[in-house]
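K.L.:
In case it helps, Swiss-Prot gives these features for our protein:
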BINDING   Cys19, Cys22, Cys27, Cys44  [4Fe-4S] cluster binding site
DOMAIN    1-61  domain '4Fe-4S'
Amino acid sequence: MPKKISAMDIYKLLPKTNCKKCGYPSCMAFATKLLEKEATIDQCPILNTPKFEKNKKKIIELISPPVKEVWFGNEEKKAVMGGDEVMYRYQLSFFNPTPIGVDISDELSEEEIKNRAKEIENFVFERTGEKLKLDFIVIRNASGDVEKFKKAIEIVEKETKMPICIASLNPEVIKEALKVVKSKPMVYAATKETLNDFIKVIKEVKKDVVLVLSSNNVKDLKNMAAKCLANGIEDLVLEPHTYPENIAETLDLNVMIRRSAIEKEDKYLGFPILNLPINAYYYALKNECPISGFFEDKEVVAKMFEATIANTLMNRYADALIMHGMDIWELMPVLTLRQCIYTDPRKPQAVEPGLYPIGNPDENSPVILTTNFSLTFYTVTGDFEKDNVTCWLLVMDTGGKAVDVSVAGGQYNGENAKKLIEETGIADKVSHRIIILPALAASTRGDIEDKTGWTCVVGTRDSSQVGDFLRNNWDKILKEWKEKNQTA
């Protein structure tokens with residue numbers, strides 16, 4: 001098992017001047033942030049001086065993860081892979097969400113290449129406030145023609161700012177392609193038989209690249225990586241073969257590589273893993289697969305199978321994926337799973353507490369109280385917008401906990417509600433003193449009424465039911481409250 005590094009180990013190598021030039025109040029604080037990957041070593045200007053050169057190298061060795069962080073792309077967009085330190089997310093966190101690339105064949109017409117490249121770059125959907133996108137474009141030399149390949153590369157780089165992977169098993173084709181590539185590309189792929197030729201090509205062209213090493217044998221991948229490192233090629237990616245007909249074999253290879261890197265500290269296997277769900281797509285077009293019986297359309301079957309394989313591989317250490325399908329229904333589950341896997345379990349997923357107007361609320365609009373757990377917030381606001389709900393949404397600071405959890409933990413309470421009402425000035429924006437609570441928070445009604453002096457109404461269990469609840473009840477609730485308070 002790798003040695004556990006502490007902030008004190010890093011602190012001992014820092015200047016200890018507490019100059020604050022790094023942006024943190026002390027060297028110990030900076031050491032802690034370095035350990036947590038929330039700061040970079042270049043933020044300390046003193047470490048960049050000749051006097052601290054050796055210390056800087058030692059710190060880099062200490063904080064470098066067992067799986068090397070590798071990137072390709074350009075100044076505007078980079079695809080970053082690897083950087084993980086643990087086998088399981090609960091042990092720390094996973095870093096650098098798996099870049100997902102989609103292929104473009106050089107057999108397509110120039111217009112088709114241009115359109116597909118734009119489609120890949122512009123693909124986006126939003127979930128819980130985060131925009132989920134594709135990360136790179138794979139240009140395949142399907143034609144075998146060098147000129148077509150070079151032209152496709154030029155079109156993609158001209159039309160988009162996406163990082164690119166150039167894919168050919170022929171080192172001579174790659175050599176010519178590298179002459180026209182402007183950015184730092186990922187090169188797919190060198191095999192055991194062609195590795196020497198690829199090393200020669202990279203040295204001749206003198207181009208900064210990420211080289212993919214492809215083999216179905218872990219020992220061969222290790223030997224290939226050792227040879228590359230000996231030749232000064234350090235940005236490597238390992239590609240154990242992806243077997244759609246027997247995906248368990250690929251999963252075993254992924255686990256063996258990652259376990260060797262993290263638990264056995266094998267530096268020759270400490271590189272990102274690339275998997276190819278695209279193989280599953282083409283396999284399913286020509287062969288029966290586990291989901292063939294569910295759909296008649298072969299294309300639909302192939303894309304469903306590709307997405308299934310992609311998710312399976314991402315659950316077992318795939319640091320980058322290459323796919324073919326572009327349908328939203330295929331990519332949405334893959335990108336959603338990626339977002340979930342790479343959520344940092346050490347940090348609550350929270351939004352800023354405060355007052356959020358939904359629609360165009362006025363003085364007679366309802367006031368609804370929820371929590372600042374991000375999934376709750378975005379689900380609630382999404383449901384409200386779909387159902388044309390107009391209201392004032394009060395978002396309480398519950399430490400990023402959901403309604404039922406914060407009620408049980410005591411964060412959803414009268415004191416916090418009172419503080420929120422005072423800080424947001426909601427009392428000046430409405431003519432009533434009514435707060436609608438989620439049904440799951442019904443037990444806090446008395447406490448909130450006592451602490452705030454507002455009347456609490458228990459609403460629905462689910463935010464999708466709020467629209468109907470307000471349309472059927474709000475006017476009556478408001479009228480009764482005004483009559484009661486005018487009488488009083």
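Glycine residues also receive a Cβ, built from the backbone N, Cα and C atoms like all the rest.
Give me the lay of the land around each of these features.
P.N.:
Counting Cβ atoms from all protein chains shown, Cys44 ([4Fe-4S] cluster binding site) has 25 others lying within 10 Å of its own Cβ.
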K.L.:
Can you see whether DSSP assigns Cys27 ([4Fe-4S] cluster binding site) to helix, strand or coil?
P.N.:
helix
K.L.:
Could you work out which of the binding-site residues (Cys19, Cys22, Cys27) has its C-beta surrounded by the smallest number of other C-beta atoms within 10 A?
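P.N.:
Fewest other Cβ atoms within 10 Å, among the binding-site residues Cys19, Cys22, Cys27, is found for Cys19.
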K.L.:
For the domain '4Fe-4S' (1-61), provide the mean pLDDT of the predicted model.
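P.N.:
Summarising the domain '4Fe-4S' (1-61) by its mean pLDDT gives 87.
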K.L.:
From the centroid of the CB atoms of Cys19, Cys22, Cys27, Cys44, the recorded [4Fe-4S] cluster site, which same-chain residues not already listed sit within 8 A by their CB, in sequence order?
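P.N.:
Checked against the 8 Å cutoff, the neighbours are Leu14, Pro15, Thr17, Asn18, Lys20, Lys21, Tyr24, Phe30, Gln43, Pro45, Ile46, Leu47.
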